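Trainee: Found this in TrEMBL, in case it helps:
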- 452-473: region 'Disordered' (REGION)
- 21-42: transmembrane segment (TRANSMEM)
- 54-80: transmembrane segment (TRANSMEM)
- 101-118: transmembrane segment (TRANSMEM)
- 138-155: transmembrane segment (TRANSMEM)
- 167-188: transmembrane segment (TRANSMEM)
- 200-220: transmembrane segment (TRANSMEM)
- 320-342: transmembrane segment (TRANSMEM)
- 362-384: transmembrane segment (TRANSMEM)
- 391-410: transmembrane segment (TRANSMEM)
- 422-443: transmembrane segment (TRANSMEM)
Amino acid sequence: MKSKAGTDLTVGSIPRHIITFALPMLIGTIFQTAHSIINAIWVGQYLGTEALAAVTVSLPVIFTIFGLGMGMTLATNVLVSQSFGAKRLDDLRRVVDGSTVLIYGIGIGLTILGELFTPSILRAMDTPADIFPESVDYLRISFLSLPFNFGMYAARSMLQGMGDSKTPLYFQFGSIVLTTVLDPLLIFGKLGLPELGLNGTAWATLVSHVVALLVLHAYLRAHGSPVAARWPRFDHIGPSIRQLVRIGVPASIQQSLVSLGMVLQTGIVNGFGETSTAAFGAVSRIEQIALLPAITVGTAMSTLAGQNLGAGHHGRVREVFAWGSAFSGAMTGVIAAVTLIFPAGLLKVLSRDPAVLELGVAYLQIVAPCYVFYAIAFVGNGIINGAGATIVTTVNSLITLWVIRVPVAYWLSRVMNSVTGVWYAIALSFIVSMIVSLGYYFSGRWKKELEKKGEPKPRPEPAERFADDVGEA
């Protein structure tokens, strides 16, 4: 049901809601990934393997720092969706105010720390000396964009929490178009602009994020959105900040654990030389596309579950899980099959170095069959996060990365004396993640926290046959 403020996902067809809500998110993610790949093509094909390796080294650091803020945006989405589903709009506004204070404060603080410690971070990652200066410059520029990135993600999570995934898409598309235009101009110094090389891609991203954030908030204010930017009311945000911290801190830890695991994993890969680093960067771009449905549907699950749980419709959540698993698993399976059939052809878009291609093909042959496991795990994690039980998905990340992926990657790559050992560790971690996620989901323990809050009892609704076939948590 559509309303002026958003879309009510607590009534109507679950499959239709998944499609209409997740599709704009998927399109936006495709745009973002396409832009990322275009950047990689500019860098890899025109600036060389060293520049591509510098970006590859920097990305895990950026993602780790993003994790500290992204956990708060997930908490914002959970609380906004629960408040919107329960029709508690005053609570929604308090969540928005608390989120604004937290997220921008975190963004500014992390920017300062990042600028100070960039060289030390890259040294700790065993960054090759021949790409160290480029990596430092690229990473420092990227840190400057953190407050604007966090602000954009926060606004998007608020709108999506109200069931509106279309408005963020429009502004995301505008930002990507602007970045795509600025990239070659700043890389090669066209139209009187300075020739910045690799740093041009980072500056293009920064400028586009600033413009998109300002225009988005102007649009929201003009349309009277309840999540439009305003000066926060500090007299009423205390409880909201405590809720955001309770949900957001575990989510931030989870995001950072994932990203920090990538940093250590990249460090292990770096130990096998520049070719291995470039190959890992290339397959990471391919993997971004392969996992788009899983990430998008899993993210949509948080909002769908949050609204229905906020409204007390606990029974509908099992339908959300069943249909989400079907959609995500099917789409990811098809993409994984294509990846397995044409691995070399896909990789040649990013690099034509025979050594890079050999390692990249080996990665896809080992890891791609496990993409479906990742997809199902992401659906389960989305439901659990929507209930506010982010500590559980944090534990899942802890087990997956720090008990399985990183130790096995280190050990197996030494035993095999090859970076291929890292590839096997990644595949194994996808399987373990699914087992942990499904085990907790089907235990039903994620419902207990909501029941303690005295949520309204779910109204009787007809059971969907498809969901019955899958089973109830």
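For all residues, glycine too, the Cβ spot is worked out from N, Cα and C.
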Trainee: What residues elsewhere in the chain lie close to the transmembrane segment (422-443), defined as a C-beta under 8 angstroms and at least 6 residues from its ends?
Mentor: 265, 268-269, 280, 321, 362-363, 366-367, 369-371, 373-374, 376-378, 380-381, 383-384, 392-393, 395-396, 399-401, 404-406, 408-409, 412-413, 471, 473
Trainee: By a Cβ-Cβ criterion of under 8 Å, what residues six or more beyond either terminus of the transmembrane segment (200-220) are in contact with it?
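Mentor: Same-chain residues near the transmembrane segment (200-220) but 6 or more away: 39, 42-43, 55, 138, 141-142, 144-145, 148-149, 151-152, 155, 167, 171-172, 174-176, 178-179, 182-183, 185-188, 227-229.
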Trainee: Are there three or more C-beta pairs under 8 angstroms joining the transmembrane segment (54-80) and the transmembrane segment (138-155), sequence spacing 6 or more?
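Mentor: The transmembrane segment (54-80) and the transmembrane segment (138-155): touching, yes.
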Trainee: With a Cβ cut-off under 8 Å, give me the same-chain residues at least six positions beyond the ends of the transmembrane segment (54-80) that come close to it.
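Mentor: Tertiary neighbours of the transmembrane segment (54-80) are 39-40, 43, 91-92, 95-96, 99, 102-103, 106-107, 110, 114, 121-122, 125, 127, 131, 134-135, 138-139, 142-143, 146, 149-150, 153-154, 156-158, 160-162, 198, 201, 227, 240, 243-260, 262-263, 265-266, 270, 277-278, 280-281, 284, 302-303, 306, 385-386, 388, 390.
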